[in-house]
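Enquirer: What follows is a structure written as structure tokens; I'll ask about it next.
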Amino acid sequence: MMTKKTISASRASLILFLCQMITALEVPLDLSQPPTITQQSPKDYIVDPRENIVIQCEAKGKPPPSFSWTRNGTHFDIDKDARVTVKPNSGTLVINIMNGGKAEAYEGVYQCTARNERGAAISNNIVIRPSRSPLWTKEKVEPKHVREGDPLVLHCSPPVGLPPPIIFWMDNSFQRLPQNERVSQGLNGDLYFSNVKPEDTREDYICYARFNHTQTIQQKQPISVKVFSTKPLTERRPTLLTPVGSTSNKVELRGNVLLLECIAEGLPTPVVRWIKEGGELPINRTFFEHFKKTLKIIEVSEADSGKYKCVARNPLGSTHHTITVTVKAAPYWITAPRNLVLSPGEDGTLICRANGNPKPNISWLTNAVPIAIAPEDPSRKVDGDTIIFSDVQERSSAVYQCNASNEYGYLLANAFVNVLAEPPRILTPANKLYQVIANNPALLDCAFFGSPVPEIEWFKGVKGSILHGDLYVFHDNGTLEIPVAQKDSTGTYTCVARNKLGKVQNEVHLEVKDPTMIIKQPEYKIIQRGGQVSFECTIKHDPTLIPTITWLKNNGELLDDERFIIHKDSLAIMNITDKDDGTYTCVANTTLDSVSASAVLTVVDRPNPPFDLELTDQLERSIQLSWIPGYDNNSPITNFVIEYEDGMHEPGVWHYQTEVRGTQTTVQLKLSPYVNYSFRVIAVNEIGRSQPSEASEQYLTKAANPDENPSGVQGIGSEPDNLVIIWEPLKGFQSNGPGLQYKVSWRQKDVGDEWTSVIVANVSKYIVSGTPTFVPYEMKVQALNDLGYAPEPAEVIGHSGEDLPMVAPGNVQVHTVNSTLAKVHWDPIPLKTVRGHLQGYRIYYWKVQSLSKRRRRHVEKKILTFSGNKTHGMLPGLEPYSSYKLNVRVVNGKGEGPASPDRLFKTPEGVPSSPSFLKITNPTLDSLTLEWGPPTHPNGVLIAYTLKFQPINSTHELGPLVEIRIPANETSLILSHLNYSTRYKFYFYAQTSVGSGSQITEEAVTIMDEGKLVRPVYPRIRNVTASAAETYANISWEYEGPDHVNFYVEYGVAGSKEDWKKEIVNGSRSFFVLKGLTPGTSYKVRVGAEGLSGFVSSEDVFETGPAMASRQVDIATQGWFIGLMCAVALLILILLIVCFIRRNKGGKYPVKEKEDAHADPEIQPMKEDDGTFGEYSDAEDHKPLKKGSRTPSDRTVKKEDSDDSLVDYGEGVNGQFNEDGSFIGQYSGKKEKEPAEGNESSEAPSPVNAMNSFV
């Protein structure tokens, strides 16, 4: 069964290093071998006197070694001391002092010897010393009286302990005393003052000594320091408090930490700088401590020897001290002796090389005995630091000790010579499985032993050839290294070990896996506090490995917080706080490799508010404000906004004062007199504004005369005999002092009057009575307070009150431009009679009657206003062939003047609108019956109708066009001699003497045989209707023909020769909204089908409503009119009730007879059996109305065309026209629906129509 081992790329270099250090000389424990010391106590062993003393000595060997001890160079008889025991199967000593023993009794130098039949190994000399933490000796501490500016040294002089204590200074509250460049602690524990200040006075300077080994702290008696002042202080150049003199020497051992110190006194406080003469301070190993008074160099070597100079300097001069440093060295290994395994008859060497300063002496021992007095061995020869072995035999086995020593220390190493004859053995388990990541080193172990040392060979596969070449590295310990393992490196590898005594082999297995990769890394994010963020981490890995994803923050574990939500491929953080700022790392681990990717989260927010507001440089009209910015929350502050509060006039209300750049923390502010100022500052960054700072202290400025006068001074009259002077009062802080008042002055312009003045309280207007009507006045308003007047104010011109104009415009003339437009001229009235500001002229006009003999039931007056001193205006939207009256009035700010005499004028004939309907009934084999209604707007005397028609064949081609002229008094026509089973298209329009009107189109089919109506087989669009508003119109139609037809709507201005505009209908809907139309304009419209060439509906004409239509109707307020409307409403309500009752009884509508008289095939139900038209009955009452009915299915009523075209223009009293008569204004007044006139349809209303009419 395979065992499994993994090697990661990150550990490969370490394993390689360890493999190279391990040699085949590791003797298996089942073979005979001399002792080897495996564990021992340190050379200088300081023990806690309160605990048992444990001196370690562990060794291995075959047979297992026995142990003995020496103390201070003589045999230590363990059996004679009851407090001393040895651990079983060990050489470790345990000295029991917990029960009355004293550690001092066991001080000394101890050495352990481990021995078996093949030799003896010894430990280092272990010096046992108990730790000591003695108390301070009692002493009387005198108070220190020091003059301000003088130096001072407070001596600590701690007791000598083992090991030395750590020194620090605190007060009675156990708070560390603050230290700085002026006050600092020396290496000896003393506290140095370069110069003292009054704040140094205190009675609790306490030196503490902490003995870490025994976890005790000793305290010195408190020292009292009193600093007395003498003026003036005398400055002085630096001198050194320590070290004394100009030079000193320092010896340090190699590998230790070098500490050099210079503490200087002087006034001002000196600054210390360090240099090395003739060289540079070592980079990466040099540190400065105690405010650069201590130079620290770690891991010193002989190269750090030399002269180091400290220089202390202040503005009065400098001093220096040179320290000569000599680095000595205790012995250190160059080549330590290593165990030697030889087979009988082989040669070998033991090498012991060490260095030091001074150079160490090398001495040899064998089995713990100096080699000079040890038994002779003919196979060895000592040559200084080397022992040479030749032709060894089994008796040559022994343990050799090498000792290298000088005055600063010693080194001791044990190395055995073990003579064995052993065939090869492989120590690596069989069939061991190695797994590595592709493109990383693979290390396959073949740990072995044999004597003589076996040779190692590697093969790939069971019968593969021997491995060699640049693709592999063969290590001395038997390891095979594949520097860059690839997928094809996967397989079985065989290790073969052989020597003259035999041969052995072992198989191991290698699997090469795909590397783990992060294919979508987390990205840098900037998120506002309170928001949320998501970091993605998508990985790709070898399918045989199971990855785990771990998220770290700043290389530490994530907090256990429910706001952190970890998904498979992402980390989400909700409700982000400032503490979430940092670097987030996604770590993907498998058993073989690890990859990571990091992203920084920056949490931003509005700045924290500024603080510590301070007012300085306080003057009468200015002050300096300074502040400390709050934290910017990772978004730089762009500017500061300064606001002020006037605690005297507007307490609690903050006003904007100014703003400054975000790098500025002070500002000079301009002030107004007599204001109790408080200021606050708001910081602004890209995220937003901070909360306001705390308010500053208040600052009251002195009172003064007002600096400015009221603004917005005007003079207007509210009555014909007064003048109202108004102004914008000064705000509270503008008063500049108490007792704010206003001096109001006025005089009539250009008459030489003196100024009339009055002083009023803090108000905003003054009324002058008894003035002439509408005359100009000069006015001024001046502010004053208890301290005086503001500067002289500016004069303004105003007028006293207006009155109604006195006369009407004269010589009113009317010229009709065309059938719908008239131009009006008048003479202006004298300006003196206007008695006010001339606002313009207003024309009242109304339709008296239609010349086509239709009568109007009421008169609706319309109004147009022309601004300014105009003498003419245009009246648009008139009805052709009608009689009108008008008058003109002048308008000022007070109102209208008298009306001019009524002027009568008539509009000429125009072209008629399209016939109101066209119906085609009674189809036979060769005839059709046509019925029609007269135009809704004849616009003159009808002289004839024109009918055109032509056949349509199966390919939608039109045949020859036939034209028939019909007398104006006809309403029906029977067309004979038509082709059977043929579709015809009809075009029908009316004519006046002016010309032809808009046409209406329709299509019909003659029948094929008796009793059957041929159903339409060609596309057909009919009943195109338009419901118009100001700028849009709803177009609807009915369609018969193939499904899935795409419609389009074409439209243009009626009577225009411009091309049709085309709009595509989305889908196959039967309605469309035309947008962007011009108010008050007549349009023509038709509907067509895409893909059917020449196939369009008949045209329809509609007129858009007026822009912002509102009209002024004089009769709206008449009592008789209000009574008439109430009566009509009551009658409609009664009609609704009756219809509702009859309908519930199942009866027919009362309008049925009317519908029979004017049958409309589009709204009559068709009987399925014979194709004739039926009538409405109660059985069909529940069905919705058809599209062709006059009431649409959505129960809304189509807006009828008004017979008064001015309704579609109109403006109120402010309506205006350009000089050329083009309309730019609007009508005023309420619009009322006019009754049908002349030949218009007068069908009885259905209940639905009645309801909608009522509404």
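Cβ from N, Cα, C; glycine included.
This is the feature table in TrEMBL:
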SIGNAL    1-24  signal peptide
DOMAIN    35-123  domain 'Ig-like'
DOMAIN    130-224  domain 'Ig-like'
DOMAIN    238-326  domain 'Ig-like'
DOMAIN    331-418  domain 'Ig-like'
DOMAIN    424-511  domain 'Ig-like'
DOMAIN    515-602  domain 'Ig-like'
DOMAIN    609-704  domain 'Fibronectin type-III'
DOMAIN    706-803  domain 'Fibronectin type-III'
DOMAIN    808-910  domain 'Fibronectin type-III'
DOMAIN    914-1010  domain 'Fibronectin type-III'
DOMAIN    1015-1107  domain 'Fibronectin type-III'
TRANSMEM  1120-1141  transmembrane segment
COMPBIAS  1150-1170  compositional bias 'Basic and acidic residues'
REGION    1150-1255  region 'Disordered'
COMPBIAS  1192-1201  compositional bias 'Basic and acidic residues'
COMPBIAS  1239-1255  compositional bias 'Polar residues'
Enquirer: On the 0 to 100 pLDDT scale, where does the domain 'Ig-like' (424-511) sit on average?
Expert: 91
Enquirer: Would you call the domain 'Ig-like' (35-123) and the domain 'Ig-like' (238-326) in contact, using three or more Cβ pairs under 8 Å, pairs 6 or more apart in sequence?
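Expert: Counting Cβ pairs under 8 Å, fewer than 3, so no.
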Enquirer: Before we move on, state whether the domain 'Fibronectin type-III' (609-704) and the domain 'Fibronectin type-III' (808-910) share at least 3 Cβ pairs under 8 Å, counting only pairs 6 or more apart in sequence.
Expert: no
Enquirer: Can you break down the domain 'Fibronectin type-III' (609-704) into helix, strand and coil residue counts using DSSP?
Expert: 0 helix, 50 strand, 46 coil
Enquirer: Helix, strand, coil residue numbers for the domain 'Fibronectin type-III' (706-803) per DSSP?
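Expert: Helix (H, G, I), strand (E, B), coil: 4 helix, 47 strand, 47 coil.
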